[in-house]
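Here is what Swiss-Prot records for this protein:
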type	residues	note
DISULFID	C41-C96	disulfide bond
DOMAIN	116-205	domain 'Ig-like C2-type 2'
DISULFID	C139-C189	disulfide bond
CARBOHYD	N222	N-linked glycosylation site
DISULFID	C235-C287	disulfide bond
CARBOHYD	N315	N-linked glycosylation site
DISULFID	C329-C385	disulfide bond
CARBOHYD	N347	N-linked glycosylation site
DOMAIN	406-495	domain 'Ig-like C2-type 5'
CARBOHYD	N423	N-linked glycosylation site
DISULFID	C426-C479	disulfide bond
CARBOHYD	N449	N-linked glycosylation site
CARBOHYD	N478	N-linked glycosylation site
DOMAIN	499-598	domain 'Fibronectin type-III 1'
TOPO_DOM	730-1091	topological domain 'Cytoplasmic'
REGION	756-809	region 'Disordered'
COMPBIAS	758-799	compositional bias 'Basic and acidic residues'
REGION	840-916	region 'Disordered'
REGION	937-1023	region 'Disordered'
COMPBIAS	1013-1023	compositional bias 'Basic and acidic residues'
REGION	1041-1091	region 'Disordered'
COMPBIAS	1068-1091	compositional bias 'Basic and acidic residues'
Amino acid sequence: MLPAAALPWTLFFLGAAASLQVDIVPSQGEISVGESKFFLCQVAGEAKYKDISWFSPNGEKLTPNQQRISVVRNDDFSSTLTIYNANIDDAGIYKCVVSSVEEGDSEATVNVKIFQKLMFKNAPTPQEFKEGDDAVIVCDVVSSLPPTIIWKHKGRDVMLKKDVRFIVLSNNYLQIRGIKKTDEGTYRCEGRILARGEINFKDIQVIVNVPPSVRARQSTMNATANLSQSVTLACDADGFPEPTMTWTKDGEPIEQEDNEEKYSFNYDGSELIIKKVDKSDEAEYICIAENKAGEQDATIHLKVFAKPKITYVENKTAMELEDQITLTCEASGDPIPSITWKTSTRNISNEEKTLDGRIVVRSHARVSSLTLKEIQYTDAGEYVCTASNTIGQDSQAMYLEVQYAPKLQGPVAVYTWEGNQVNITCEVFAYPSAVISWFRDGQLLPSSNYSNIKIYNTPSASYLEVTPDSENDFGNYNCTAVNRIGQESSEFILVQADTPSSPSIDRVEPYSSTARVEFDEPEATGGVPILKYKAEWRALGEGEWHSRLYDAKEANVEGTITISGLKPETTYSVRLSAVNGKGVGEISLPSDFKTQPVREPSAPKLEGQMGEDGNSIKVNVIKQDDGGSPIRHYLIKYKAKHSSEWKPEIRLPSGIDHVMLKSLDWNAEYEVYVIAENQQGKSKPAHYAFRTSAQPTVIPASTSPTSGLGTAAIVGILIVIFVLLLVAVDVTCYFLNKCGLLMCIAVNLCGKSGPGAKGKDMEEGKAAFSKDESKEPIVEVRTEEERTPNHDGGKHTEPNETTPLTEPEHTADTAATVEDMLPSVTTGTTNSDTITETFATAQNSPTSETTTLTSSIAPPATAIPDSNAMSPGQATPAKAGASPVSPPPPSSTPKVAPLVDLSDTPSSAPATNNLSSSVLSNQGAVLSPSTVANMAETSKAAAGNKSAAPTPANLTSPPAPSEPKQEVSSTKSPEKEAAQPSTVKSPTETAKNPSNPKSEAASGGTTNPSQNEDFKMDEGTFKTPDIDLAKDVFAALGTTTPASVASGQARELASSTADSSVPAAPAKTEKTPVEDKSEVQATEIRHLQQK
């Protein structure tokens, strides 16, 4: 017990100690092996502490800054203990002690438990096993508490399969007895600790290796040596992993690297290719397949055969009638070849003997001999030795020469006649070659006494050419041949030929218009061939014989001839004679027959010729007897034999002798029936059958009528087409747009004005003619009926290629465009309203000025006929698509319009011809200057007083007849306008070819004259310039073309008729004042002059 005095102090310190509070957060901890964790020691209170210390489970104080177990003083009131990468030995009670000067020591503890998580210590993947072995899948699991192990395969517990082959061993390994390839896959080793609810698993790949199995595709292979061929030895192997293949020959490994020229392998080594097989390659070859599970091999025996080859032959020479000679032939090959002999005329088998025993053949092993006894000259020639076995054969020729004396052959008797050249042939057989001579009566030929004889020699014959002049040339001729073995002579007789005897007529088969004569050949030909047969016939009672010659070759084939051109129901006599080179022979006895009455024709004769394509045929129809009536046609029917339907019947005119049947079925039999028909009826059908060719897989090039073009030819053609296209485009640009290469050449080399020079030409007064063209002008007058937007009050439209240029200041419904294209003045009257237009001067003359021509139209006072005037019936028909329009009534008020003369060049020839009113309204008319002046004067008067009556003309044209009114479209396409070029005619031509004014008025549209077009003038022919003058003038003025004729005005004109006349011509010196121009016209001219 404590003393009483110490008790108060003890209570004091206990009270102080009790006042200190030390806590460790967390208060307890569990750490798995390998993990890290920290603990915080905290002190509650405001006193200052001297120290905060940590002690390990074994009582040792933990020092700061250790590597694995670290202690760190955070501040005056806390400290941290950190355990890194914990292990089992770190488990225990850790103590935190707090020391204070004022209050003493206080402490707190924490129990640190360290456990081992589930770990797979030994569970390799993959694990491989051999098929059929007992496999044990290893899986070692490490844990603080004993785990429960479960094996799964394909997501299921293997023990639930109830397969006795699967067993979990005591060490938790999985055993599979007699493992199969189907057992291969992924197995999961899964460990569980129930106390902690911990689970972990490891997937193990199980591979089952299968030992290789190998088999040879052919256990025995045959090959042929010395053919530069290759042989392939092949083995097929299975197994897992894929086995590797190696080869041996008679136990020795084959390496491709050692002899690449002899051996090669495919990509997996399963095929061995032996190149250029020879006899040394015959051996036993083994293919070996090997993998992880084992190896296996297969054997292939290669047997090499040799094609026969002739190794020895020898040419021989013998004398005729010599005792014997032997020909020898040796050959090699495997199997041993058999040897046969043959000549050019026969085959000689082994052990064969001729009937007379002259030829003997003996064979032994690889040698054969041919023995000839009592040699004859016919034994000479080529002997072929052939060695053959199951692999092939080989042949070699040897030659036997037999020397013998000459032997002569040839026809002994030769026929000819005086003057006919003939050859006497002396064929000579001799070895060595013989010298041939001809003799006549012991005299060597040729000689001076026989100038009509020539000799021609060849190596095998001699020909004596004789042209008999008289009886003396006929007789015996001797041929003699000599060589070093001997000589031979032969006599030949030249006999004078005679005409043939008569043929005999056996039977005559008459028809309506023909007769078929059967005959026998003459008994004697006269020594020379019969060339023709002459048939003669006449009707009973006629004195003259009709005759015809028939070729002997054709007549002798069937022994018949056919006489044609006979009359029905008429009795005839016929006789025959043969013709040879000597002449016509004896005539046979006549044979009488009577032709049949008119009837249906005989069936024609058919011949076929297959086409090159194989499925077409040309059937020739050969006419036979027509039955006394001309054949009208042939009826042709055909079909394939396997088909029940006939093709459509073909009617062939009698003048055509064949028909082509095309697009027939391939490899099919066809039958054709042809019937001839005349007025009396139809003949019996003629039948012809044929078969088409089999359908070719590839059509041969020869069937094509033309050979294919090569690549170079095709490229060349394309280049030519491209160049031609460029030329065409350039020419088009030249004529239409005045541009392109041709235009550049014309401008730079020929001095032609370019497109940019048009305005300049206008300013210089060059208008519409080039340097070398005529100075005679042409004025083209055209009637326009299309109303432009400007005249209709619509929006102004810019001119383009498809819209005409218009003149906005005129309000007239009908106007005519006047273009002065050359300095000559041309104009005329029209039954339309007043024609008006303003042009600038187009002359280079320094005195040229702007002139206004005014034309007015009024009814004539009197109609004065003119001899040159055209009647209405002579009017040219209206253009296609144009509607006739009636001229205006005579009471119409004349309208005045100024015309501009583009030339001040005078002309002395006044107009003499009266022009039809359609000329001016339809096309340009040629007028004299007097007429133009008269029109100008009238225009002037009209400008002063518009109501003044016009001056009547001296000459009038008869009124145009009225024509029915037709609706006309006021819109034209550029194509239609281009298709209707205006034409300028001379007065003479206009009088000859007047145009219909109403149809022209209805046609409407502005038509430009064709460029470079030839025009007939009174003084000759000239070409218009290749530029559009109207377009250039209005381009310079900055205005559009005159207004077109409105459709309404055209209909108004169509409802009335009127006469038109040419105003009286003023004096030649009379001028038209320019001051009478309207204000708008004056403004346009000033504008043009300023430019």
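Cβ coordinates come from backbone N, Cα and C, glycine included.
Ranked by CA distance from C479 (disulfide bond), the recorded positions C96, C189, N222, N347 have N347 at the top as the closest.
Separation of the C-alpha atoms of C139 (disulfide bond) and C287 (disulfide bond): 40 Å, rounded to the nearest whole number. All protein chains shown were included, and the count of other CB atoms within 10 Å of the CB of C235 (disulfide bond) stands at 25.
Note on the domain 'Ig-like C2-type 5' (406-495): mean pLDDT across this stretch is 92.
Counted with DSSP, the domain 'Ig-like C2-type 5' (406-495) comes out as 3 helix, 55 strand, 32 coil. The two recorded residues C189 (disulfide bond) and C235 (disulfide bond) have their Cα atoms spaced 42 Å from each other. Mapped onto three states, the DSSP output places N315 (N-linked glycosylation site) in coil.
A distance of 128 Å separates the Cα atom of N347 (N-linked glycosylation site) from that of C96 (disulfide bond).
On its own chain, C385 (disulfide bond) has I310, V313, L327, C329, A331, I339, T340, W341, S368, S395, Q396, A397, M398 as residues at least 6 apart in sequence with a Cβ closer than 8 Å to its own Cβ.
Looking only at the glycosylation sites N315, N478, the densest Cβ neighbourhood within 10 Å occurs at N478. For the pair C235 (disulfide bond) and C96 (disulfide bond), the C-alpha distance works out to 81 angstrom.
The separation of N449 (N-linked glycosylation site) from C96 (disulfide bond), Cα to Cα, is 168 Å.
The Cβ of C96 (disulfide bond) has 26 neighbouring Cβ atoms from other residues within 10 Å, across all protein chains displayed. For the domain 'Ig-like C2-type 2' (116-205), the number of residues in each DSSP class (helix H, G, I; strand E, B; coil) is 7 helix, 45 strand, 38 coil.
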